[in-house]
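Here TrEMBL flags A:8-21 as compositional bias 'Basic and acidic residues'. Taken from TrEMBL, the feature domain 'Heme-copper oxidase subunit III family profile' covers A:29-205. Positions annotated as region 'Disordered' by TrEMBL: A:1-21. Per TrEMBL, transmembrane segment is recorded for A:28-51, A:71-93, A:100-117, A:137-163, A:184-204.
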Amino acid sequence: MAQAVSQHGHDHDHSHDHGHHDPQEMKLLGFWIFLITDVILFGTLFATYVVLHKNTAGGPGGAEIFEMPGVIAETFILLTSSFTSGLAVLAMNRGNVKQLISWLIVTFVLGAAFIGLEVTEFVKLIGEGHGISASAFLSAFFTLVGTHGLHVSVGLVWMLLLIIQLSRRGITDVTRGKINVISLYWHFLDAVWIFLLSVVYLLGVM
Amino acid sequence: MAQHSTDSHAHGEDHAHGSLKSYIIGFILSIILTIIPLVVVMNHMFQATATILIIMITAVLQFVVQLFFFMHVRDRTGNQPRWNVMALIFGLAIVLVVVSGSVWIMAYNGVGY
(Lines of atoms letter the chains of each structure in order from A and count residues from 1; the text may use other names and numbers.)
(Lines give C-alpha, C1' and ligand atoms only; values in the text may rest on other atoms or scores of the structure.)
Protein backbone atom coordinates (compact mmCIF):
# COMPACT_ATOMS: atom_id res chain seq x y z
CA MET A 1 0.00 0.00 0.00
CA ALA A 2 2.65 2.42 1.04
CA GLN A 3 4.58 1.43 -2.06
CA ALA A 4 1.59 2.07 -4.29
CA VAL A 5 1.02 5.44 -2.69
CA SER A 6 4.57 6.56 -3.21
CA GLN A 7 4.06 5.89 -6.92
CA HIS A 8 1.93 8.99 -7.18
CA GLY A 9 3.68 10.43 -4.16
CA HIS A 10 3.23 14.03 -5.03
CA ASP A 11 -0.42 14.08 -6.08
CA HIS A 12 -1.52 11.94 -3.23
CA ASP A 13 0.36 13.92 -0.65
CA HIS A 14 -1.31 17.01 -1.92
CA SER A 15 -4.89 15.82 -1.64
CA HIS A 16 -4.14 14.24 1.72
CA ASP A 17 -2.91 17.57 2.92
CA HIS A 18 -6.11 19.24 1.96
CA GLY A 19 -8.28 16.51 3.39
CA HIS A 20 -6.95 17.27 6.88
CA HIS A 21 -6.71 20.97 6.64
CA ASP A 22 -4.76 23.13 8.94
CA PRO A 23 -6.95 24.20 11.87
CA GLN A 24 -7.20 27.85 10.86
CA GLU A 25 -8.57 26.94 7.42
CA MET A 26 -11.15 24.67 9.03
CA LYS A 27 -12.14 27.40 11.48
CA LEU A 28 -12.68 29.81 8.60
CA LEU A 29 -14.91 27.28 6.82
CA GLY A 30 -16.74 26.59 10.08
CA PHE A 31 -17.29 30.30 10.47
CA TRP A 32 -18.67 30.52 6.94
CA ILE A 33 -21.21 27.88 7.89
CA PHE A 34 -22.14 29.86 11.01
CA LEU A 35 -22.63 32.92 8.79
CA ILE A 36 -24.95 30.94 6.52
CA THR A 37 -27.10 30.03 9.53
CA ASP A 38 -27.13 33.73 10.35
CA VAL A 39 -28.26 34.43 6.79
CA ILE A 40 -31.22 32.12 7.44
CA LEU A 41 -31.94 33.81 10.80
CA PHE A 42 -32.06 37.22 9.13
CA GLY A 43 -34.03 35.72 6.24
CA THR A 44 -36.83 34.65 8.57
CA LEU A 45 -36.82 38.04 10.31
CA PHE A 46 -36.99 39.78 6.92
CA ALA A 47 -39.89 37.53 5.93
CA THR A 48 -41.68 38.44 9.17
CA TYR A 49 -41.08 42.12 8.58
CA VAL A 50 -42.22 42.06 4.96
CA VAL A 51 -45.41 40.23 5.95
CA LEU A 52 -46.21 42.49 8.92
CA HIS A 53 -45.00 45.91 7.82
CA LYS A 54 -48.45 47.16 6.81
CA ASN A 55 -50.07 46.09 10.09
CA THR A 56 -49.59 49.34 11.97
CA ALA A 57 -52.60 48.97 14.29
CA GLY A 58 -53.77 52.46 13.40
CA GLY A 59 -50.37 53.87 14.33
CA PRO A 60 -47.77 55.40 12.06
CA GLY A 61 -45.98 53.49 9.30
CA GLY A 62 -42.36 53.63 8.26
CA ALA A 63 -42.77 56.73 6.11
CA GLU A 64 -43.93 58.76 9.13
CA ILE A 65 -41.39 57.65 11.73
CA PHE A 66 -38.13 56.87 9.89
CA GLU A 67 -35.60 59.66 9.92
CA MET A 68 -33.37 59.20 6.91
CA PRO A 69 -30.44 61.51 7.76
CA GLY A 70 -29.52 59.29 10.74
CA VAL A 71 -30.02 56.13 8.71
CA ILE A 72 -27.86 57.43 5.85
CA ALA A 73 -25.12 58.35 8.33
CA GLU A 74 -25.33 54.83 9.85
CA THR A 75 -25.04 53.32 6.37
CA PHE A 76 -21.87 55.17 5.40
CA ILE A 77 -20.32 54.65 8.84
CA LEU A 78 -20.84 50.89 8.67
CA LEU A 79 -19.70 50.76 5.03
CA THR A 80 -16.49 52.57 5.92
CA SER A 81 -15.92 50.30 8.92
CA SER A 82 -16.26 47.28 6.64
CA PHE A 83 -13.52 48.80 4.46
CA THR A 84 -11.24 49.58 7.42
CA SER A 85 -11.60 46.04 8.78
CA GLY A 86 -10.35 44.91 5.36
CA LEU A 87 -7.40 47.30 5.69
CA ALA A 88 -6.70 45.70 9.08
CA VAL A 89 -6.39 42.30 7.38
CA LEU A 90 -4.04 43.79 4.77
CA ALA A 91 -1.87 45.24 7.55
CA MET A 92 -1.85 41.80 9.18
CA ASN A 93 -0.77 40.13 5.92
CA ARG A 94 2.13 42.57 5.80
CA GLY A 95 2.97 41.56 9.37
CA ASN A 96 2.50 45.09 10.69
CA VAL A 97 0.90 44.66 14.11
CA LYS A 98 0.75 48.40 14.90
CA GLN A 99 -1.18 49.21 11.74
CA LEU A 100 -3.37 46.17 12.31
CA ILE A 101 -4.35 47.35 15.78
CA SER A 102 -4.82 50.93 14.55
CA TRP A 103 -7.23 49.86 11.80
CA LEU A 104 -9.09 47.63 14.26
CA ILE A 105 -9.47 50.60 16.59
CA VAL A 106 -10.79 52.74 13.70
CA THR A 107 -13.22 49.95 12.84
CA PHE A 108 -14.26 49.70 16.49
CA VAL A 109 -14.88 53.44 16.78
CA LEU A 110 -16.96 53.47 13.58
CA GLY A 111 -18.94 50.46 14.81
CA ALA A 112 -19.54 52.15 18.14
CA ALA A 113 -20.72 55.31 16.34
CA PHE A 114 -23.14 53.17 14.34
CA ILE A 115 -24.55 51.60 17.50
CA GLY A 116 -24.73 55.02 19.14
CA LEU A 117 -26.84 56.37 16.26
CA GLU A 118 -29.06 53.30 16.24
CA VAL A 119 -29.68 53.42 20.00
CA THR A 120 -30.49 57.14 19.69
CA GLU A 121 -33.00 56.32 16.96
CA PHE A 122 -34.59 53.56 19.06
CA VAL A 123 -34.78 55.69 22.21
CA LYS A 124 -36.42 58.51 20.24
CA LEU A 125 -39.00 56.15 18.71
CA ILE A 126 -39.83 54.61 22.07
CA GLY A 127 -40.03 58.06 23.67
CA GLU A 128 -42.60 59.07 21.07
CA GLY A 129 -44.72 56.04 21.97
CA HIS A 130 -43.63 53.91 19.01
CA GLY A 131 -42.21 51.06 21.09
CA ILE A 132 -41.89 47.40 20.21
CA SER A 133 -45.39 46.57 21.50
CA ALA A 134 -47.21 49.41 19.70
CA SER A 135 -47.99 47.43 16.54
CA ALA A 136 -47.06 44.32 14.57
CA PHE A 137 -45.07 46.56 12.24
CA LEU A 138 -43.00 47.96 15.12
CA SER A 139 -42.52 44.50 16.69
CA ALA A 140 -41.11 43.21 13.42
CA PHE A 141 -39.07 46.39 12.93
CA PHE A 142 -37.41 46.34 16.35
CA THR A 143 -36.76 42.61 16.18
CA LEU A 144 -35.14 42.79 12.76
CA VAL A 145 -33.10 45.97 13.21
CA GLY A 146 -32.37 45.13 16.86
CA THR A 147 -31.01 41.69 15.99
CA HIS A 148 -28.59 43.31 13.57
CA GLY A 149 -27.62 45.89 16.20
CA LEU A 150 -27.05 43.10 18.69
CA HIS A 151 -24.74 41.36 16.21
CA VAL A 152 -22.75 44.56 15.75
CA SER A 153 -22.54 45.03 19.53
CA VAL A 154 -21.27 41.49 20.03
CA GLY A 155 -18.75 42.14 17.25
CA LEU A 156 -17.55 45.27 19.08
CA VAL A 157 -16.90 43.39 22.33
CA TRP A 158 -15.17 40.64 20.36
CA MET A 159 -13.01 43.17 18.50
CA LEU A 160 -12.00 44.86 21.75
CA LEU A 161 -10.88 41.52 23.18
CA LEU A 162 -8.91 40.76 20.01
CA ILE A 163 -7.19 44.17 20.17
CA ILE A 164 -6.09 43.36 23.73
CA GLN A 165 -4.91 39.90 22.71
CA LEU A 166 -3.01 41.28 19.70
CA SER A 167 -1.25 43.88 21.81
CA ARG A 168 -0.08 41.11 24.16
CA ARG A 169 0.76 38.30 21.76
CA GLY A 170 1.28 39.98 18.40
CA ILE A 171 0.48 38.25 15.12
CA THR A 172 0.61 34.48 15.54
CA ASP A 173 -1.09 31.70 13.60
CA VAL A 174 -3.91 31.77 16.16
CA THR A 175 -4.50 35.53 16.21
CA ARG A 176 -4.18 35.60 12.40
CA GLY A 177 -7.06 33.13 12.16
CA LYS A 178 -9.14 35.17 14.59
CA ILE A 179 -8.63 38.41 12.66
CA ASN A 180 -9.61 36.69 9.41
CA VAL A 181 -12.79 35.44 11.07
CA ILE A 182 -13.85 38.74 12.65
CA SER A 183 -13.25 40.64 9.43
CA LEU A 184 -15.47 38.12 7.64
CA TYR A 185 -18.11 38.68 10.35
CA TRP A 186 -17.84 42.44 9.99
CA HIS A 187 -18.22 42.39 6.18
CA PHE A 188 -21.21 40.09 6.64
CA LEU A 189 -22.91 42.54 9.03
CA ASP A 190 -22.40 45.31 6.49
CA ALA A 191 -24.02 43.13 3.83
CA VAL A 192 -27.01 42.49 6.11
CA TRP A 193 -27.31 46.22 6.78
CA ILE A 194 -27.54 46.91 3.03
CA PHE A 195 -30.69 44.80 2.95
CA LEU A 196 -32.02 46.50 6.09
CA LEU A 197 -31.46 49.88 4.46
CA SER A 198 -33.12 48.72 1.24
CA VAL A 199 -36.05 46.68 2.53
CA VAL A 200 -36.89 48.49 5.77
CA TYR A 201 -35.89 52.10 5.26
CA LEU A 202 -35.81 52.82 1.52
CA LEU A 203 -38.93 50.80 0.67
CA GLY A 204 -40.47 52.22 3.86
CA VAL A 205 -40.09 55.86 2.96
CA MET A 206 -40.46 55.72 -0.85
CA MET B 1 7.38 19.44 5.46
CA ALA B 2 3.78 18.92 4.42
CA GLN B 3 2.71 21.48 7.00
CA HIS B 4 5.20 23.94 5.65
CA SER B 5 3.98 23.66 2.09
CA THR B 6 0.37 24.23 3.17
CA ASP B 7 1.39 27.31 5.12
CA SER B 8 3.28 28.94 2.33
CA HIS B 9 0.42 28.15 0.01
CA ALA B 10 -2.14 29.81 2.28
CA HIS B 11 0.16 32.77 2.55
CA GLY B 12 0.38 33.17 -1.20
CA GLU B 13 -3.40 32.98 -1.41
CA ASP B 14 -3.75 35.89 1.01
CA HIS B 15 -1.52 38.05 -1.10
CA ALA B 16 -3.25 37.05 -4.31
CA HIS B 17 -6.71 38.08 -3.13
CA GLY B 18 -6.46 40.64 -0.41
CA SER B 19 -4.84 43.48 -2.33
CA LEU B 20 -5.36 47.10 -1.39
CA LYS B 21 -6.58 47.73 -4.91
CA SER B 22 -9.41 45.20 -4.65
CA TYR B 23 -10.53 46.66 -1.30
CA ILE B 24 -10.55 50.19 -2.70
CA ILE B 25 -12.48 49.11 -5.81
CA GLY B 26 -14.96 47.28 -3.57
CA PHE B 27 -15.35 50.30 -1.32
CA ILE B 28 -15.94 52.69 -4.24
CA LEU B 29 -18.45 50.31 -5.85
CA SER B 30 -20.27 49.96 -2.53
CA ILE B 31 -20.53 53.72 -2.13
CA ILE B 32 -21.85 54.14 -5.68
CA LEU B 33 -24.35 51.31 -5.21
CA THR B 34 -25.54 52.93 -1.95
CA ILE B 35 -25.89 56.42 -3.38
CA ILE B 36 -27.92 55.32 -6.44
CA PRO B 37 -30.97 54.02 -4.49
CA LEU B 38 -30.72 56.85 -1.94
CA VAL B 39 -30.86 59.50 -4.67
CA VAL B 40 -33.65 57.69 -6.49
CA VAL B 41 -35.78 57.36 -3.34
CA MET B 42 -35.13 60.76 -1.77
CA ASN B 43 -35.89 62.64 -4.99
CA HIS B 44 -38.87 60.47 -6.00
CA MET B 45 -37.34 60.10 -9.43
CA PHE B 46 -39.31 57.10 -10.69
CA GLN B 47 -42.62 55.33 -10.23
CA ALA B 48 -43.08 52.76 -7.49
CA THR B 49 -42.26 49.62 -9.50
CA ALA B 50 -39.11 51.08 -11.04
CA THR B 51 -37.98 52.38 -7.65
CA ILE B 52 -38.47 48.99 -5.98
CA LEU B 53 -36.53 47.32 -8.80
CA ILE B 54 -33.64 49.79 -8.53
CA ILE B 55 -33.49 49.39 -4.72
CA MET B 56 -33.43 45.59 -4.87
CA ILE B 57 -31.02 45.32 -7.79
CA THR B 58 -28.48 47.70 -6.23
CA ALA B 59 -28.82 45.84 -2.89
CA VAL B 60 -28.11 42.48 -4.51
CA LEU B 61 -25.21 43.95 -6.52
CA GLN B 62 -23.73 45.39 -3.36
CA PHE B 63 -24.05 42.03 -1.61
CA VAL B 64 -22.11 40.53 -4.52
CA VAL B 65 -19.46 43.27 -4.20
CA GLN B 66 -19.07 42.51 -0.48
CA LEU B 67 -18.80 38.79 -1.20
CA PHE B 68 -16.14 39.11 -3.90
CA PHE B 69 -14.11 42.18 -2.96
CA PHE B 70 -14.28 42.03 0.84
CA MET B 71 -15.17 38.49 1.91
CA HIS B 72 -13.10 36.83 -0.84
CA VAL B 73 -15.72 34.18 -1.40
CA ARG B 74 -13.63 32.71 -4.24
CA ASP B 75 -10.63 32.02 -2.02
CA ARG B 76 -9.69 28.41 -1.76
CA THR B 77 -6.62 26.33 -1.18
CA GLY B 78 -5.44 24.02 -3.92
CA ASN B 79 -8.13 21.90 -5.51
CA GLN B 80 -10.46 21.93 -2.54
CA PRO B 81 -14.12 22.25 -3.44
CA ARG B 82 -15.59 25.62 -2.48
CA TRP B 83 -17.62 24.38 0.48
CA ASN B 84 -18.33 27.93 1.61
CA VAL B 85 -19.92 28.78 -1.76
CA MET B 86 -22.02 25.63 -1.71
CA ALA B 87 -23.20 26.37 1.84
CA LEU B 88 -23.98 29.94 0.82
CA ILE B 89 -26.04 28.87 -2.18
CA PHE B 90 -27.92 26.41 0.02
CA GLY B 91 -28.55 29.13 2.63
CA LEU B 92 -29.74 31.62 0.03
CA ALA B 93 -32.10 29.01 -1.43
CA ILE B 94 -33.65 28.54 2.01
CA VAL B 95 -33.95 32.30 2.50
CA LEU B 96 -35.60 32.63 -0.91
CA VAL B 97 -38.13 29.93 -0.05
CA VAL B 98 -38.85 31.38 3.41
CA VAL B 99 -39.25 34.98 2.25
CA SER B 100 -41.12 34.43 -1.01
CA GLY B 101 -43.19 31.63 0.54
CA SER B 102 -44.21 33.81 3.49
CA VAL B 103 -45.12 36.74 1.27
CA TRP B 104 -47.02 34.51 -1.12
CA ILE B 105 -49.06 32.77 1.57
CA MET B 106 -49.80 35.92 3.53
CA ALA B 107 -50.80 37.85 0.41
CA TYR B 108 -53.70 35.40 -0.03
CA ASN B 109 -54.37 35.05 3.69
CA GLY B 110 -57.52 37.14 3.49
CA VAL B 111 -59.14 35.09 0.74
CA GLY B 112 -60.71 32.57 3.14
CA TYR B 113 -62.57 35.19 5.14
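Think of each number as a place in line: the chain as shown, counted from 1.
Placement of Cβ uses the backbone N, Cα and C atoms for every residue, glycine included.
Proximity of distant same-chain residues to the transmembrane segment (A:71-93), defined by a Cβ-Cβ separation under 8 Å and at least 6 residues beyond the stretch ends, is recorded for 99-100, 102-104, 106-107, 110-111, 113-114, 117-118, 121, 152, 171, 176, 179-180, 182-183, 186-187, 189-190, 193-194, 197, 201. Residues 28, 31-32, 35, 38, 42, 46, 49-50, 53, 61-63, 66, 68, 71, 74-75, 78-79, 81-82, 85-86, 107, 111, 141, 144-145, 148, 151-152, 155, 158-159 of the same chain sit 6 or more residues outside the transmembrane segment (A:184-204) yet have a Cβ under 8 Å from a Cβ within it.
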